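Here is the structure we will look at.
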Amino acid sequence: MPHEELPSLQRPRYGSIVDDERLSAEEMDERRRQNIAYEYLCHLEEAKRWMEVCLVEELPPTTELEEGLRNGVYLAKLAKFFAPKMVSEKKIYDVEQTRYKKSGLHFRHTDNTVQWLRAMESIGLPKIFYPETTDVYDRKNIPRMIYCIHALSLYLFKLGIAPQIQDLLGKVDFTEEEISNMRKELEKYGIQMPSFSKIGGILANELSVDEAALHAAVIAINEAVEKGIAEQTVVTLRNPNAVLTLVDDNLAPEYQKELWDAKKKKEENARLKNSCISEEERDAYEELLTQAEIQGNINKVNRQAAVDHINAVIPEGDPENTLLALKKPEAQLPAVYPFAAAMYQNELFNLQKQNTMNYLAHEELLIAVEMLSAVALLNQALESNDLVSVQNQLRSPAIGLNNLDKAYVERYANTLLSVKLEVLSQGQDNLSWNEIQNCIDMVNAQIQEENDRVVAVGYINEAIDEGNPLRTLETLLLPTANISDVDPAHAQHYQDVLYHAKSQKLGDSESVSKVLWLDEIQQAVDDANVDKDRAKQWVTLVVDVNQCLEGKKSSDILSVLKSSTSNANDIIPECADKYYDALVKAKELKSERVSSDGSWLKLNLHKKYDYYYNTDSKESSWVTPESCLYKESWLTGKEIEDIIEEVTVGYIRENIWSASEELLLRFQATSSGPILREEFEARKSFLHEQEENVVKIQAFWKGYKQRKEYMHRRQTFIDNTDSIVKIQSWFRMATARKSYLSRLQYFRDHNNEIVKIQSLLRANKARDDYKTLVGSENPPLTVIRKFVYLLDQSDLDFQEELEVARLREEVVTKIRANQQLEKDLNLMDIKIGLLVKNRITLEDVISHSKKLNKKKGGEMEILNNTDNQGIKSLSKERRKTLETYQQLFYLLQTNPLYLAKLIFQMPQNKSTKFMDTVIFTLYNYASNQREEYLLLKLFKTALEEEIKSKVDQVQDIVTGNPTVIKMVVSFNRGARGQNTLRQLLAPVVKEIIDDKSLIINTNPVEVYKAWVNQLETQTGEASKLPYDVTTEQALTYPEVKNKLEASIENLRRVTDKVLNSIISSLDLLPYGLRYIAKVLKNSIHEKFPDATEDELLKIVGNLLYYRYMNPAIVAPDGFDIIDMTAGGQINSDQRRNLGSVAKVLQHAASNKLFEGENEHLSSMNNYLSETYQEFRKYFKEACNVPEPEEKFNMDKYTDLVTVSKPVIYISIEEIISTHSLLLEHQDAIAPEKNDLLSELLGSLGEVPTVESFLGEGAVDPNDPNKANTLSQLSKTEISLVLTSKYDIEDGEAIDSRSLMIKTKKLIIDVIRNQPGNTLTEILETPATAQQEVDHATDMVSRAMIDSRTPEEMKHSQSMIEDAQLPLEQKKRKIQRNLRTLEQTGHVSSENKYQDILNEIAKDIRNQRIYRKLRKAELAKLQQTLNALNKKAAFYEEQINYYDTYIKTCLDNLKRKNTRRSIKLDGKGEPKGAKRAKPVKYTAAKLHEKGVLLDIDDLQTNQFKNVTFDIIATEDVGIFDVRSKFLGVEMEKVQLNIQDLLQMQYEGVAVMKMFDKVKVNVNLLIYLLNKKFYGK
């Protein structure tokens, strides 16, 4: 290592800033910076050493580590170590760092860091520790990354995945130069050093269920460890609040010792650290063991105990016990498989024997079990003949095979299949690792041999092309070619035959390859060898026969011919003399014709090759010899064969009849036939007469022979019993093997068909089971067990739940932000309008503009910083208050009657604000199915209440402005219904606006005036027509009529388009709006049963069209139906066109005809009637919707079975406001004392203030702007996890529904691990040890999942405790619960508790529906969020537009010196500027000007005694007004010109000053402008 550890703990290199020596402030600061640099170097060294242990790889030196980690390669390798399923080596970019070393960082290196972050997310490390990608890649905050690595090490230690990181502070030494360089680096980037010592505490808080309970439990454990009593320590470890798993009472002494050592070591390190850390920076967990450290040490002890147990059971030789020991989760070993138990036992036993200590350490077991499990899976795949699985297992790095080339995996698999069959036939079950490795090596050798052979084939083809026989022979004799039977003496003939074969292949147009392959070369060599043998045979025949003839050895001719001819059977011995005579005669004739004779014989083979043989020298050749003279006196082979054949044929023909001489004699003897027939008949008659005796004789004889033969056979068997048994066993084995291989081959040949059949059968079985689950009234337990896994909450479920919660929060926040932004923009619009009237208010406009641009921030920080005193602090009192508020809002949310009554108790203006803020917030703006369902229930209850109490006649709904209807329309036209309105109306509205030629004006007077103006424009002369006319007069002009008719035609055409868009888009209408329309129709009909359907449908139309759609058509820009740019607007013609269409549709929806002043439009009345009929069908169909319970699949028990608890995001101001209103109207909405609401309000007490809600200290008491700060903080939003106080109680007071839920969860846990046909059978049958182990493993897996589960999704504490029970205890608890439920009538033992099984089946079905609805909700929320973002972007564009306008005003103002300059800091004119003089008026003068109207209790003639001094203050637009009576100053008030302008805008004409002086607001503003601004 680059830095040596010091022998013992000592102070850091640069000591503490509180050393005894006297240091100046600068020296102390320098010392502190040096200490920070040293500590950080120690943390770097700690991270480096820990990563080296995990990666088994050396990292760069400590001082270079930061730079070495920037490319993310080591981080990605670390991710592969703890999350191998997430990160593989192939996914790591530049894994060998060759590119990085060559050309430095590349942007793709960030992929490595991203993979590391995702891997940490997958194992559940809290995100509070994560660095940003740029922190690493751009080196913006490397200490943050090192901080994260430390947190990760502690978290992995808790999970038992990695060792604990070392504490090296004060144990390593760095040079002064290294420390100074690091200090400069830290100062260069200005990085705030994270607090490494607080990682344990932060991690504990982030992962806890209840921070306070966890903290207390951890402290109790530390205290118990300090006392040293092992039994007491185990009791504290068992505390459920500590959230510790796998605590074994039998290991109490080991836990005590390990935790004692760890705690003492941590305390020792803490003492060193605290010497250089200020008191404020110290953390409680610096000396205490954190929950993660405790769990890590428990895991460490458990692991060692499990390893000891494994080593103890291996020598016993029981595979089942060994398997159980290996499967224990405490052993932290890879998965093992029961079918390979014998293999684990044998292999581990052998490994243990090979070990010198006869003991296998955990690391050895880890590697061995991983490899053996991989081998087991490979054997399983081989047995199932699954080639794909075999190949996947071979590719697995866990199996650890050497020299495995992934390119040949398929070949390895096929070979292993063959070897597997062979070992199976020999009675061996599994292939061992060594056998698999040997098979891999064998295949590699074969592949290498084949590759070498391919090279040799290439050499042979090249030699053939060269035409050199010796070169060809040399290549044929290469060992790698493996060509057999090559005779070097016939090299030339090999060359000729090979060349000929290759020429033929070249000439074959269908041949793909133009070279000879190995089998073709071997065939050519074999053909050449056949030619060679034939030639030798021919030479032997010719030489032997001719030499025999020349030697006149007639007696040898037969032996010569038989030994020399190809078929000796054709030689007939009787013809020997004839053969000799014929051959001698032929040779003599041939010799007479020869004058000179040579010594060479020639043979032509296949009419292609010539073979030469010298009879004298015995040499042979495949090429023509030099000076070749043929031996023409000798008979050739063909001549000899022809002579032999001729002699043989003649002999056969000559003797054909002699062979049948005896037969001919017999035929001659048949002349005595009659005599023979008489003898035959006599014999036959005798036998017939003696038939009975003959039969007996024959039977006796046959029996005798059969018995004799049987006894002889039997004796043979007895004498050879051993041999017979062997023969029989081998025969049976061969038969069975043949049958098995035949069947196996059949399966291989029909693999695809078999897979399809199996898939079909499985699918049919699964389909039938699911139909049974869904359709059967009493689904059997066996079916339920198959689908119970669907109730598990996967990581995907949690991710989707978190995503839904995040989107809900974002949607709610965005809606509120947009609403506030819209209000501020409207106010800004007003202020700019007022600015035009009075320039002095520009400062206020600028101030409001800054408010628009100011981003919200700081509130949550203040809230979080007051955790010790605020509503979310850890004190018991605050916790109780928070829980009570959560229960209060849950009650309000789920019981709509309270809010329905409260709405009608408040004044109209106050209830509207309450609805727009608190109610919609309480229901999260219906951002999910549950809250939409509950909000609709509120709307329904409130609407029914309003109709019941406030509607006296049917038309009141139309003519009035019902509160609930207004609320429903406002909600559905907001964020949730905005997309609907856009989809429904945007296309046709945009078409109308974009049609520049479209002019719709149905006002005859306006049409007339436009026509007159057009005439004057065209002629340039004043028209003689009157300008002011009535409607009747205007209609007398044909031109006006024509234009009016054209407008009416355009109106009808355009209205049709809008109507069709509305009618065809019924499904786009929000379900909530349609349901309220249905409730409205039914409620009106219930109160007014005599109302006709037309009246009811008109009321529905008033809601759906007039209130919901009509405003959006008239003002599409105001309802965000179309996109408008800032500064852009709809012109008057476009707005008139839209208004005309809306007017026609409004008349049609209410079936109102054009009459009276609209008589000129009466031609459209038929059109209105037809349109009404279409609207009537539309309104009727719109009310045809299911009830919310059916639509959303909700009931009153839904909250008890859903995964996540409901969460709302509400401001402190809204909580206080709601609390206040509930107390104010408590007597009206909850008159009973024992009402649930009254009980909760009683628990809360008085309404808290904002400051008490946040906690004392949230705001500085001396802050002059304390009121404004508190007002701003009151808008801080907090999240409330809603819970019901009355759903689940502790102990025995649990209600039957909650008991049913708990019992179902316990039953699900039991039936997973214990088989059985009925619930009763399972509960009465004891669980086996294996089932207990499987159950414990499942519960550990669930605990790990629960540890990553967000707070709002966790189960109750009682359910967590139940889940930790062993299998048998769970069964006993189920039996107790079932007896309780049977007493309440929920279940019955007579049907074996089928009722609770039916409930579980229902939960399974509902879970699928819930997942489907959740996906739909995700899409819906995303769509809503996109629309809100677009709207926010539009508002931002308006803000920019206003900013530009204000900037222009400022620029203009600077150029005008005649007016008073305005300072943006609010201080008025610069120093030295002349201030306006005070203005003094008597009351009589002001009364004369009309400014002053009256003074209470003072007569007009006394006005002269009253004077008013108006003085401009330092602040722009602020005036002091002093009143004097008879020269004595009475009172003083302050006037704000902005307030006056606001009152003027709101239409307030008269205001009071001094509570008694009435003044005219408009004239007062005029006076101030004139006197102070020169206006």
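A Cβ is built for glycine as well, from the same backbone N, Cα and C atoms used for every other residue.
Worth saying up front: this structure is predicted, and the values here are computed from it rather than measured.
Residues or ranges marked as phosphoserine by Swiss-Prot: S16 (among others).
Among the features that Swiss-Prot reports, domain 'Calponin-homology (CH)' is placed at 41-156.
There are 5 other Cβ atoms within 10 Å of the Cβ belonging to T356 (phosphothreonine). In the three-state DSSP scheme, T356 (phosphothreonine) falls into the coil class. According to Swiss-Prot, the phosphothreonine annotation covers T356 (among others).
The DSSP breakdown of the domain 'WW' (594-627), given as helix, strand and coil counts, is 0 helix, 14 strand, 20 coil. Sequence annotations record features per position, and here Swiss-Prot assigns domain 'WW' to 594-627.
Among the features that Swiss-Prot reports, phosphoserine is placed at S595 (among others).
The phosphoserine annotation in Swiss-Prot covers S599 (among others). Counted within 10 Å of its Cβ, the other Cβ atoms near S599 (phosphoserine) come to 14, all protein chains included.
Residues or ranges marked as phosphoserine by Swiss-Prot on the basis of a large-scale study or a structure entry: S685 (among others). Neighbours of S685 (phosphoserine), defined as other CB atoms within 10 A of its CB across all chains, total 10.
Swiss-Prot lists 690-719 with the feature domain 'IQ 1', giving sequence analysis as the kind of evidence. Non-local neighbours of the domain 'IQ 1' (690-719) in the same chain are absent; no residue 6+ outside the stretch has a CB under 8 Å from one of its CB atoms.
Residues annotated as phosphothreonine in Swiss-Prot: T716 (among others). Following the DSSP three-state reduction, the secondary structure of T716 (phosphothreonine) is helix.
According to Swiss-Prot, the feature domain 'IQ 2' maps to 720-749. Same-chain neighbours of the domain 'IQ 2' (720-749): 385, 421, 425, counting only residues six or more beyond its ends whose CB sits under 8 Å from a CB of the stretch.
For 750-779, the entry in Swiss-Prot reads domain 'IQ 3', with the evidence type sequence analysis. Sequence-remote contacts of a segment are chain residues at least 6 beyond its ends whose Cβ falls under 8 Å from one of its Cβ atoms, and for the domain 'IQ 3' (750-779) they are 786-787, 1391, 1394, 1397-1398, 1401, 1404-1405.
According to Swiss-Prot, the phosphothreonine annotation covers T782 (among others). Secondary structure from DSSP puts T782 (phosphothreonine) in a helix.
According to Swiss-Prot, the phosphothreonine annotation covers T881 (among others).
The domain 'Ras-GAP' annotation in Swiss-Prot covers 933-1182.
According to Swiss-Prot, the feature phosphothreonine maps to T1002 (among others), an assignment based on a large-scale study or a structure entry. According to its DSSP assignment, T1002 (phosphothreonine) is coil.
Using a 10 Å Cβ-Cβ cutoff, T1269 (phosphothreonine) registers 19 neighbours. Swiss-Prot lists T1269 (among others) with the feature phosphothreonine.
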Legend entry - Where T881 (phosphothreonine) sits in the secondary structure, as DSSP reduces it to three classes: helix
Inset, instruction - Spatially speaking, which of the modified residues T356, S685, S1271 is closest to T1002 (phosphothreonine)? Use C-alpha to C-alpha, please. - result: S1271
Inset, instruction - Would you kindly list the residues that approach the domain 'WW' (594-627) from elsewhere in its chain, counting only those six or more residues past its ends and only Cβ-Cβ distances under 8 Å? - result: 490, 492-493, 496-497, 500, 531, 534-535, 538-539, 542-543, 633-634, 636-637
Inset, instruction - Round to a whole number and give the Cα-to-Cα distance in Å for the pair T881 (phosphothreonine) and S1279 (phosphoserine). - result: 14
Inset, instruction - Could you find out if DSSP has S1271 (phosphoserine) as helix, strand or coil? - result: helix
Legend entry - Residue, out of the modified residues T782, T881, S1271, whose Cβ gathers the largest set of other Cβ atoms within 10 Å: T881
Inset, instruction - Would you mind giving the whole-number mean pLDDT across the domain 'IQ 2' (720-749)? - result: 87
Inset, instruction - Compare the C-alpha of S685 (phosphoserine) with the C-alpha of each of the modified residues T716, T782, T1269, S1279, and give the closest one. - result: T716
Legend entry - Position of peak Cβ density within 10 Å, selected from the modified residues T716, T1002, S1279: T1002
Inset, instruction - Give me the Cα-Cα distance between S1271 (phosphoserine) and S1279 (phosphoserine), rounded to a whole Å. - result: 19
Inset, instruction - Check the Cα-Cα distances from S1279 (phosphoserine) to the modified residues T356, S599, T716 and tell me which is shortest. - result: T356
Legend entry - T782 (phosphothreonine) and T356 (phosphothreonine), distance between Cα atoms, whole Å: 51
